[in-house]
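Let me begin by presenting the structure, written as structure tokens, before commenting on it.
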Amino acid sequence: FHLSHKVTRVVPESALLIVLGLFLGGIIWAADHIASFALTPTVFFFYLLPPIVLDAGYFMPNRLFFGNLGSILLYAVIGTVWNAATTGLSLYGVYQTGIMGHLNTGLLDFLLFGSLIAAVDPVAVLAVFEEVHVNEVLFIIVFGESLLNDAVTVVLYNVFESFVTIGQENVTGTQCVKGIVSFFVVSLGGTLVGIFFAFLLSLVSRFTKHVRIIEPGFVFIISYLSYLTAEMLSLSAILAITFCGICCQKYVKANISEQSSTTVRYTMKMMASGAETIIFMFLGISAVNPDIWTWNTAFILLTLVFISVYRVIGVVLQTWILNHYRMVQLEIIDQVVMSYGGLRGAVAFALVVLLDVNKVREKNLFVSTTIIVVFFTVIFQGLTIKPLVQWLKVKKTEHREPKLNEKLHGRAFDHILSAIEDISGQIGHNYLRDKWTNFDRKFLSKVLMRRSAQKSRDQILNVFHELNLKDAI
């Protein structure tokens, strides 16, 4: 793929891998007449997803992420619940008219399907958006939403699955309240587990001065432990490993040596890239299996229509609310790209394969529809998003290191804005960031960073070191 730039410039790698997977699946099927390879949920959730999410968390631009956290959370939580509920209820409403024929399902089955098809996939989004180079704010909102949205989707899916297990007639108001409470417990619990392991990893990396060779090992093992611990406690494992990566990066990068840092960066990127390749290949291979296909034209077409329409409505409504509170407004063009960037992927597929055919009678129809949705969004939307971004003239990102002057002005503005918020008695994110920076400098950095790293973080020394380095080069 990478040798032919003409192909990769037009077709996203994820789409090429799916097509290659279909081709390989066809060869396997022709040889054996059984689908001997499939993407199983266990392999996906325990081995393929963690490296991708850890890579996303560890290399997350923290300032951008936390600066837009309110917007990201609104799209990820409210947006996902909106997409899941509206898709499920609309499909159920249409089913009642009799257009879909007879299906052996109830309202809860439709809501369960709505919850899993609402999973916007960070793997697919990353694969497409990194090639498009949209501006940082738009990228962080779409990417952050897809990352946190996965965690929300898995929690929603578990709630509806438990409702299906106990039966529609047994679902009472109390069960619904328990479902809502469990949603917050699972999400916040997963986040706290991630933060705990991030601090543990930072503390461990402080004392590895004499064992430099195994520093990268600690980064991978402790991060993976956060995922497994959250999974063991029935909390959100995706949120755990995401926040473990986000919260430890600053201290770990300061503590470990330059060689270890390079090793961590390249190993993490290689593992994430390998996992992405395997996932998209297996999505193609898994589809070549006549046993899982059940066709219902009305159901499949309406699912595609509803997920697209409700995503647009959700994005427009939420952005209209957000723009009253945001300094940097999200323009109409940004909203078009965000609506179009709702690519579905392996998370939805893994969740639909997890369904128990004894509880959900129409499992095969749900699996077939999910595969069609994934292929449509990754291949069709993935192919057309680049021309769309160019046609709409979406603001692109500039990859360059800010000049010393820009850094100084940025720092001065930060202090001025937090001072204005302090004087006016408003608690905005500049004020909160200033308070957190002070707390970090006085307490956290002293506990989690080794002495030499604290000294080298002095800003003036840092600039002096950079200038000397440039001269030497």
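Please read every residue number as a count from 1 along the shown chain.
Just so you know, glycine gets a Cβ as well, placed from its N, Cα and C.
Here TrEMBL flags 5-391 as domain 'Cation/H+ exchanger transmembrane'.
Tertiary neighbourhood of the transmembrane segment (12-31): same-chain residues 1, 37, 123-124, 127-128, 131, 276-277, 280-289, 345, 375, 378-379, 382-383, selected by CB-CB distance under 8 Å and a gap of 6+ residues from either end. The annotation transmembrane segment is assigned in TrEMBL to 12-31 (among others).
For 37-60 (among others), the entry in TrEMBL reads transmembrane segment.
What TrEMBL records for 72-95 (among others) is transmembrane segment. Remote same-chain residues near the transmembrane segment (72-95) are listed as 65, 103, 105, 107, 110-115, 117-118, 140-141, 144-145, 147-149, 152-153, 156, 298-299, 302-303, 306-307, 310-311, 313-315, 318, 321-322, 338 (criterion: CB distance under 8 Å, separation of at least six residues from the stretch ends).
Residues or ranges marked as transmembrane segment by TrEMBL: 107-129 (among others).
Listed as Cβ neighbours of the transmembrane segment (136-160) (distance under 8 Å, sequence separation of 6 or more from its ends, same chain) are residues 53, 56-57, 61, 64-65, 68-69, 71-73, 75-77, 79-81, 84, 108, 111-112, 115-116, 118-122, 125-126, 129, 179, 182-183, 186-187, 190, 236, 238-239, 242, 328, 330, 334, 337-338, 341, 343, 347-348, 351, 394-395, 397. Sequence annotations record features per position, and here TrEMBL assigns transmembrane segment to 136-160 (among others).
Per TrEMBL, the feature transmembrane segment maps to 180-204 (among others).
As annotated by TrEMBL, transmembrane segment applies to 273-293 (among others).
Sequence annotations record features per position, and here TrEMBL assigns transmembrane segment to 299-320 (among others).
Only residues 6 or more beyond the boundaries of the transmembrane segment (332-353), in the same chain, are considered here, and those with a CB under 8 A from a CB of the stretch are 14, 38-41, 44-45, 48-49, 75, 113, 116-117, 119-121, 123-125, 128-129, 134, 138, 141-142, 146, 150, 153-154, 157, 279-280, 283, 286, 307-308, 311-312, 315-316, 319, 363, 366-367, 370-371, 373-374, 377-378, 381-382, 385, 388-389, 392-394. According to TrEMBL, the feature transmembrane segment maps to 332-353 (among others).
What TrEMBL records for 365-385 (among others) is transmembrane segment.
Non-local neighbours of the transmembrane segment (180-204) in the same chain are 151-152, 155-156, 158-159, 218-219, 222-223, 225-226, 229-230, 233-248, 251-252, 255, 447-449; each lies 6+ residues outside the stretch with a CB under 8 Å from one of its CB atoms. Among the recorded stretches 107-129, 273-293, 299-320, 365-385, the one sharing the largest number of Cβ pairs closer than 8 Å with the transmembrane segment (37-60) is 273-293. The largest share of C-beta pairs under 8 angstroms with the transmembrane segment (107-129) comes from 365-385, of the ranges 273-293, 299-320, 365-385. With a threshold of 8 Å between CB atoms, the same-chain residues lying at least 6 positions outside the transmembrane segment (365-385) that come near it are 10-12, 14-15, 18-19, 103, 113, 116-117, 124, 127-128, 132, 280, 283, 286-287, 292-296, 299-300, 303-304, 307, 337, 340-346, 348-349, 352-353, 355.
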